[in-house]
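Enquirer: Structure in structure tokens, see below.
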Amino acid sequence: MSPSDVPMRTSSKSKSHRRGRRRRDLAPLPERKSISSAPLHLCSPTPHRVVLLPVTSLLFRAPMATRGKKLINDPNGNLMGFGGTDVVTQFIEGLVETYPGLQYLDGFPEVKVVLRSDVKVGTYDKVAVICGGGSGHEPAHGGFVGQGMLTAAVSGDVFTSPPVDSILAAIRAVTGPKGCLLVVTNYTGDRLNFGLAAEEAKSEGYRVEMVIVGDDCALSQNQDIVGRRGLAGTILVNKVAGAAAAAGLPLEEVAEQARHASELVGTMGVALSVCTLPGQGTSDRLGPEQIELGLGIHGEPGTAVTELQPVDVVVTRVLKQILSPETRYVPITRGDRVILLTNGLGATPIMELMIATRKAVRELQLEYGVATDRVYTGSFMTSLDMQGFSISIMKSDTTILQCLDASTKAPCWPAGTSGDRQKPAKIAVPAPPSCAMKSDKVLQQSRELTKQGCILEASIEAGAKEIIRIKDSLNEWDGKVGDGDCGTTMYRGAIAILEDMKKCYPMNDAAETVNEIGATVRRVMGGTTGILYDILCKAAYASLKDTKTVEAKHWANALQASISAISKYGGAREGYRTMLDALIPASRILRERLEAGDDPLDAFIRSSEAALTGAEYTRHMQAQCFVVEREQWNMLDHSVEAAGRSSYIAADKLASAPDPGAMAAAAWYRAAALSLKSMLCRSEP
């Protein structure tokens with residue numbers, strides 16, 4: 001389809017393969033040779049022949065040593081059975097299917113324009129705001145089309161400026177009597193193509209203004225003739241322009257507000273990896289321990305490659321570049337107020353972005369003396385699958401704040417960020433009643449320990465210190481069969497127990513002390529481990545609470561009650577590769593030896609040996625229903641079932657390490673038993 005035949009779909013269904021998409025008829029477009037110029041500094045590799053996998057596959061890989069994996073179809077739209085459309089076209093189709101307030105111009109593949117579904121051709125009674133550029137930066141710019149922000153967004157191919165005819169089609173589709181504003185990122189191709197489209201539209205009688213955004217602080221103010229690149233600060237400029245237009249301001253004022261906003265914003269990025277273009281190989285430009293400051297959103301070289309550093313150090317360096325009084329990228333001084341936008345570059349987890357935001361807000365206040373009026377964190381202008389982030393700082397004023405806070409239906413503008421920011425309140429965590437309400441009498445009693453209290457205190461301390469000692473070993477074992485944090489989790493519990501036992505454990509009351517240990521681990525140990533140990537302690541407490549003088553047989557009953565409770569609520573049994581593989585053998589031997597009349601101390605020592613043997617034997621346990629062999633999922637009827645994360649681990653990996661939970665239980669149990677032996681031996685004449 002040529003640009004001269006560009007209709008726009010309506011909400012009525014069609015019998016074509018694009019059934020259900022929205023279009024309307026537009027006035028015919030004159031034939032024109034389009035200009036498609038690459039963005040400034042674009043260093044795109046030479047396209048490689050694409051090797052197509054079977055039609056059922058979602059992944060296409062370039063024939064290179066290191067292949068980029070993408071969840072796409074043929075990147076160039078050559079695959080039969082998928083409509084013959086490229087990745088950008090398919091993205092737009094998915095976008096308008098997701099958000100009912102959007103539609104697109106049906107001029108694929110030349111014309112790729114997303115626009116508001118409530119805007120009618122030639123009749124829009126406000127200034128239209130149009131932005132665009134090469135694709136690959138999603139959600140920019142199609143995701144920011146909506147009432148109160150962009151009226152239309154024009155997409156080129158990946159990292160390629162949109163053709164003039166596409167830009168003209170967008171202008172004609174949404175511009176009414178009040179004219180349109182083109183917000184253009186500062187790249188050669190974008191400036192040329194949008195500029196030529198603007199001049200052509202003016203010759204057709206449209207009122208058009210153009211604002212160029214160059215917010216990059218990695219490049220010198222006067223580095224070359226075209227100046228600084230347009231980055232994520234463009235999103236803030238678009239929001240200001242869209243709000244001004246929605247308020248009914250004339251074209252000249254909308255353009256002036258957008259231009260004013262563009263002069264107040266600076267952006268600096270840092271990348272951990274270089275992006276991979278669809279259908280091409282990955283880049284080895286950055287090593288595994290390297291980051292690049294100022295890397296462009298098309299993969300253009302940055303200002304410096306340095307070693308990977310903590311994010312706080314990186315944020316400090318980025319802010320220094322943006323706010324340096326020597327460079328004066330943005331007119332911000334002490335006492336000013338600012339807007340902060342932390343932008344993910346495509347493959348950065350939201351957790352890491354929030355950590356960067358945390359540091360940036362504090363650094364702005366403490367080091368630069370500026371207050372942060374608004375904070376936006378997320379992925380706004382990306383670079384395909386690049387790992388990294390950029391920080392944009394915009395000087396705040398009343399007009400800009402009003403525009404940023406103005407309502408919008410743009411689907412990718414962050415919700416819940418408007419309004420004055422208050423200093424985050426840190427609310428004190430309510431203390432558990434058992435600790436908070438201890439009377440002076442109870443605390444005094446806990447310091448005047450009976451013999452039983454001394455034994456209990458020494459045993460708890462020994463068990464906790466043993467967990468601290470083997471933390472790294474637990475993490476190592478867990479790293480082979482789980483997520484590698486068992487030692488760290490148990491360590492947190494052990495440290496907290498050592499702290500709390502000095503303050504609120506009534507050691508002379510064994511039942512209450514066990515109950516307090518449960519409250520401690522529940523507070524500080526995350527995930528399943530903390531819950532299971534709390535259940536263990538609650539069950540032991542219930543077994544002991546009516547016993548005034550706790551003897552060995554009572555501890556044996558408490559251990560059995562704890563095992564039953566864990567099995568009841570956790571679903572595990574002996575042989576499941578859990579802590580029960582240590583505790584069940586220990587309980588069995590303890591009860592047997594006590595019933596046989598053995599000395600209680602010897603019974604505890606032998607039961608602790610059984611715990612350690614049982615924990616070590618978990619190396620030989622496999623999962624019955626979830627064993628993963630080297631080549632396929634398999635069901636082994638002769639295997640022993642496993643619970644927890646181990647039930648999803650390959651059999652050969654399970655054999656390489658004991659279960660860390662079982663080893664932890666065996667460790668504290670044996671340490672407590674040995675401590676008991678040591679104390680009793682010292683007390684003998």
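Every residue gets a Cβ built from N, Cα and C, even glycine.
This is the feature table in TrEMBL:
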type     : residues                               : note
ACT_SITE : His298                                 : active site, tele-hemiaminal-histidine intermediate
BINDING  : Gly134, Ser135, Gly136, His137, Asp190 : substrate binding site
COMPBIAS : 12-24                                  : compositional bias 'Basic residues'
DOMAIN   : 83-413                                 : domain 'DhaK'
DOMAIN   : 454-674                                : domain 'DhaL'
REGION   : 1-31                                   : region 'Disordered'
Enquirer: Over the domain 'DhaK' (83-413), what is the model's mean pLDDT?
Expert: 94
Enquirer: Using a Cβ-Cβ cut-off under 8 angstroms and a sequence gap of six or more, which residues of the chain neighbour Gly136 (substrate binding site)?
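Expert: Gly136 (substrate binding site) has long-range Cβ partners Val158, Phe159, Cys275, Leu277, His298, Thr382, Ser383, Leu384.
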Enquirer: Roughly how wide, in whole Å, is the group Gly134, Ser135, Gly136, His137, Asp190 that binds substrate, by largest Cα to Cα distance?
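Expert: Largest Cα to Cα distance for the substrate-binding set is 15 Å.
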Enquirer: Using a 10 Å cut-off, grab the number of neighbouring Cβ atoms around the Cβ of Gly134 (substrate binding site), all chains included.
Expert: 24
Enquirer: On the three-state reduction of DSSP, what should I expect for Asp190 (substrate binding site)?
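Expert: DSSP assigns Asp190 (substrate binding site) to helix.
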Enquirer: Provide the number of Cβ atoms within 10 Å of the Cβ of Asp190 (substrate binding site), excluding the reference atom itself.
Expert: 27
Enquirer: Under 8 Å Cβ to Cβ from Ser135 (substrate binding site), same chain, six or more residues apart: give me those in sequence order, or none if nothing qualifies.
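Expert: Looking at Cβ-Cβ distances below 8 Å from Ser135 (substrate binding site), excluding near sequence neighbours, one finds Val87, Val88, Phe91, Lys112, Ser155, Gly156, Asp157, Val158, Phe159, Thr160.
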Enquirer: In DSSP terms, helix, strand or coil for Ser135 (substrate binding site)?
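Expert: In three-state terms, Ser135 (substrate binding site) counts as strand.
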